[in-house]
Amino acid sequence: MASHSDTLVVFFGATAGANGGKLGSDEREIILLVWQIVDLHEKKVGKLQRCLVKPDTLELADQCKEETGLTLEDIVAAEPLDKVLQQFQQSVSSELKSLGRSSYTLCVNSPLVIRQALHPEASKKNLVLPECFFSFVDVRKEFHKCCPNAGPVQKLTLDSMLEYVGLPAVSEQMFGVKEVRSMVQLTLCILAEPHNHKFSCVETVKYKFDSGTCSKTEPVDSETVIRARGLPWQSSDQDIARFFKGLSIAKGGVALCLNAQGRRNGEALVRFINSEHRDLALERHKHHMGSRYIEVYKATGEEFLKIAGGTSNEVAQFLSKENQVIIRMRGLPFTATPQEVLSFLGPESPVTDGAEGLLFVKYPDGRPTGDAFVLFSCEEYAQNALKKHKQILGKRYIELFRSTAAEVQQVLNRYMSTPLISTLPPSPIVPVPVLTTPPYLPAASSTRDCVRLRGLPYTAGIEDILEFMGEHTVDIKPHGVHMVLNQQGRPSGDAFIQMKSSEKAFMVAQKCHKKTMKDRYVEVFQCSTEEMSIVLMGGTLNRSGLSPPPCKLPCLSPPTAYAAFPTPPAILSEAALYQPPLLAAPRPAQTTAHTPAHTLAYYPHQPHLYMNMNMNYTAYYPSPPVSPSTVSYFAAPPGAVAAVAAQPHHAAAAASSVLPQPGALVRMQGLPYNTGVKDILSFFQGYQLQPDAVLLLYNFSGQCSGEALITFPSEEIARRAVAERTNHPFYGQQVHLAFCN
């Protein structure tokens, strides 16, 4: 019998949208429930019950109206879902009592009504489902056990199963009633001779997600893993498990992805117990978590292990305590002790096992990173700890936010694999004159002669954009296509295009808005050069208006020669310090009798250049919560210095055109990889430095290179700082200072 039950309750449901094999995929609410009891001992059936359900959104899809025959008038007078579920319990309990039975199990035609419709909707509405909805049997799988030659389970239908055993199709026309009566006939058939079937394949729905760790040596089937994108940054593993409510996630199967700065990037890898649940998860593509829709794609086991897998015994021991709430602390003073952290959290937030419930994250050489993870035994203690967010410990404010077991492992993996010394070769600063004349550096303007493309496929290139633009391609300015990359150097799904006039930009926005590119519709908005510049500097532009960047520090948007915001004189980026291979072959400048001996590379002014050049643009989009100690300049990837002036310049004049003015420049090497602007200002306390005098350098993968450029008010102060601070330890680490004359 089904889980030792006396009876089966044959159960069917329909939503206001798609039904059948796509039930639940469009996130519509339940509008119909039908059920009937089958006595497994006496082989008798009870009274058929059919209840309409009133959804919160009174709207029926055309497909639903056609299939169910229901209208808005039918469901307006119905009870909401919670009331109907109460009626279901009362009705079933009453019938069981009259039959003298004590237990029952749901029987459905597919798991969709339970896993994809009922549980997700109840989770969103904060309804507590009766225990009976956490286990069920699938009539198709039970039938397949009796008749394995009937075909694959996924292809079995009620009509095909009835036909296989020689039963006539049910003549009932009312939607829902026909399906339940067909399932009842099949159930009675396989219970009788010659099958004498026992219902035993009971599927369960997990009550809660089990956190845990994953070893790098553990085999992970790629057919069980998905990637979720667009998550709110504060999402925990339990929030993600709630989004996939009804599906079974493997223990420790939620891994939040981090960017190069150790912050969450809005993505997570989720591992399910089998491929069937993974396939159901893919059907939740663009379902909503709050007001945000979440994209769901296939991923591989290798990707999951790369994020969540670990070998640290320290982490395994730390996470060995079950049912603990994990909080991450960031920005701790490097000298912070366990007792100071416990005192900071206070008696209202007792840490599990005291100091044993703290895990300080360190570099391979034992240096602290300023991060720590804390265990709390209950949600109340964790909430009290989160109230300490941005309060001061020592001289630094501390960030606190929810974390996961997978994030603990990922952060430890990241820091333990960090090289102890900078891998970038030392190189003298080469003064490079930067072209500052139009059209390469267009002045910021309120004229709306640009368009923004949002929602591009991540595989889209410039050629795809030009094809998408169609006949409007001829109206694009030379070098006017700006692909925006995220911090990892990957496409962000955004691009800016400079048009020849505001009228041309308006036409593109009108005709191309929501056109399809590679099965995705793309939004096209008209904007100005000024708005484009602010977005490339880290601000946001959406339908509700323009938001400035989260900090006032300028961010480089390479290639420097094509930057959309005016920043003359330009600041020398790391790409200029270490000359990388250019992405397109430059032509040598034409030399004259007055031209210096060396020749500078430049790109000729050709209207068609943007069509065949793989320009690489990037912008810095911080992933909140933002730490002022980590917001700094973001270096250009290879190819950033793609165009330079061909006019003659004296060396001194060239240097002055690219270095911060006024003042003298000092170069620091060998910095810890978590160094922030505030740390350097503290190191040079008393030397009259402002925050904008510090330029942190990042490597091409977006990680700190361990170097910085500091502009002092004068050469005298710079030389004195170098002489006095050369042998001074920087947070326990020796750094090298060099005056750049």
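Numbers here mean position along the shown chain, with the first residue as 1.
Glycine is treated like the rest: Cβ placed from N, Cα and C.
A quick note: this is a predicted structure, and the numbers were derived from the prediction, not measured.
As annotated by TrEMBL, domain 'RRM' applies to 225-297, 326-401, 450-525, 665-738.
Residues belonging to the domain 'RRM' (225-297) score a mean pLDDT of 90 in the model. Two recorded stretches are said to be in contact when at least 3 C-beta pairs lie under 8 angstroms, sequence spacing 6 or more; the domain 'RRM' (450-525) and the domain 'RRM' (665-738) meet this definition.
For the domain 'RRM' (225-297), the DSSP counts in helix, strand and coil order read 15 helix, 33 strand, 25 coil. Applying DSSP to the domain 'RRM' (450-525) sorts its residues as follows: 25 helix, 33 strand, 18 coil.
Sorting the domain 'RRM' (665-738) by DSSP state (H, G, I as helix; E, B as strand; all else coil) yields 21 helix, 24 strand, 29 coil.
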